[in-house]
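If you check TrEMBL, you get these features:
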type: DOMAIN; residues: 15-452; note: domain 'Major facilitator superfamily (MFS) profile'
type: TRANSMEM; residues: 16-36; note: transmembrane segment
type: TRANSMEM; residues: 56-79; note: transmembrane segment
type: TRANSMEM; residues: 91-109; note: transmembrane segment
type: TRANSMEM; residues: 115-137; note: transmembrane segment
type: TRANSMEM; residues: 149-167; note: transmembrane segment
type: TRANSMEM; residues: 173-194; note: transmembrane segment
type: TRANSMEM; residues: 261-286; note: transmembrane segment
type: TRANSMEM; residues: 298-318; note: transmembrane segment
type: TRANSMEM; residues: 325-347; note: transmembrane segment
type: TRANSMEM; residues: 359-385; note: transmembrane segment
type: TRANSMEM; residues: 397-419; note: transmembrane segment
type: TRANSMEM; residues: 425-448; note: transmembrane segment
Amino acid sequence: MSNLSSKIYLPNTKTVYFISVNVFSFIIGCLLAWNSPVLIQLQSNNTDINPIGRPITTLEVSICTSILPMGSTIGTLLVGKLADIFGRKRMLICLAAGGAVSFGAISIATHIYVYLIFTTTAMVCISAGFVVVPVYVTEIAEDKNRGKLGCFSSIFICLGQLYIYVLGTVTNLAYMSLLCGFPLLLFLIVSVFLPESPIFLASKGNKTEALVALKKLRRNKSFIDLNREYNEKETMLDSTSKEEIKDIRVLFKTRSGKKAVILSIGIRLTQQLSGMFIVLSFLGPLFKETGSSLSIDALTIIVAAANIPVAILALSIIEKKGRRLLLLLAIFFDGLSMFILGLYFLFKENTLIIIPDSVKLIPVVAIFIFVCMFTFGLSNVPFIVISEILPNEVRSVGSSLVLVTGNLSNFFIGFMYPLVSSLVGQYACMFAFSLFCFTGFVFIYFLLPETKGKNFLEIQRELEK
């Protein structure tokens, strides 16, 4: 009876660990969608919903949009070494506390610069945690569950987006901030029971503590099995420490290395320059600009809710259909959707003709398709492909380069979009996003090999061609 109980208890315990650390994925989803309801409130003359007391300027809108990717860049750069020094669990606890304090400060901010400072610190903490989470999940998971558990973060991101869109319809910025900080407080309570990563403990030579952590994670395994797993992890760490190279120049010494880096940066730039960050940040205002008579709040919630089954569908077919097909389909339809939006806004902003309600549905459908197709193939798949094509010995430095490049491009478009939209028109931005998508489509079609079902050596041979 006791053996049966332990077997039942094990998955429940690991599920709690997994869900609790993915609070960072959930809050990342909240922050990705954050500006959509918040900017509407900050641009309002109604002081009941605008804590600043005045509508913010176009320049301030640009800064509000761009500080999120900038905070993400800072968090990404800072956390890697710190997590290796202090541990995954301790790092996640500190970052959750910092995020909770930041959201608390945002809730009482009455000056735009105070709001900007603490929004930045919130993004630094949460994005840093978002980088640590897949490392922690990978290191506590058994080999057979590693890929599946690593991919589920996209579902938590979609849930976070839905959460913030719903909150934006029923409450103001102050309460929204507190409700975003609340899951982090819950994590701090649950974190007392989290085990430290056995791999981190093994890297520090703490065999006893590592075995205790493994016992907590593998309650149905014998001491012999746990000791064998510890020895495997120790061997893997020794091998990795010998192979890991931190000099960025090594990336470009082989044809496969050069091609892997160029492909990784190209895929990441296609992901970021497709316009998804802008669409999520301005989803409410974009629906309003279409002139549709449909409820803006209802539309944002429907789009966010539809993302969840789309994310589940993508996860269920990626091993059957392959990474390349999902990427190409998503990029093509996202580019087409942006082109249709560009045509609509070009017509709307440069003619005096009254647009029929039936035609106003076209941009609404285009936005819906854009968001769903991004979730289908451009949200999580690029990170899977990048992790598969970068050589093992330079994966750490290569991934950092790719992540920072993507975040900086997001900062650029986040800052420029409100200004260009105001000076030229929204159609110019939509056409630019469409061009980026179709350029990325051609780039990936001709250069990216399929990585499904191939081991590392097979992928490297493909890249050498």
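Cβ coordinates are placed from backbone N, Cα and C, and glycine is handled just like the others.
All TrEMBL annotations are machine predictions without curation.
Counted over residue pairs separated by six or more positions, the transmembrane segment (173-194) shares fewer than 3 Cβ pairs under 8 angstroms with the transmembrane segment (261-286), which leaves the two as not touching. In the predicted model, residues of the domain 'Major facilitator superfamily (MFS) profile' (15-452) average a pLDDT of 86. Between the transmembrane segment (425-448) and the transmembrane segment (149-167), the number of CB pairs under 8 angstroms, six or more residues apart, is fewer than three, so the stretches are not in contact. With a threshold of 8 Å between CB atoms, the same-chain residues lying at least 6 positions outside the transmembrane segment (56-79) that come near it are 31-32, 34-35, 38-39, 42-43, 91, 95, 112, 115-116, 119-132, 277-278, 281, 400, 403-404, 407-408, 410-412, 414-419, 422. Put simply, of 16-36, 115-137, 261-286, the stretch with the most CB pairs closer than 8 A to the transmembrane segment (397-419) is 261-286. Beyond the transmembrane segment (16-36), the same-chain residues lying 6 or more positions past its ends with a Cβ under 8 Å from any Cβ of the stretch are 64-65, 68, 92, 95-96, 99, 119, 122-123, 126-127, 129-130, 132-133, 136-137, 140, 149, 152-154, 156-165, 168, 180, 183-184, 186-187, 190-191, 193-195, 217, 277, 280-285, 300, 304.
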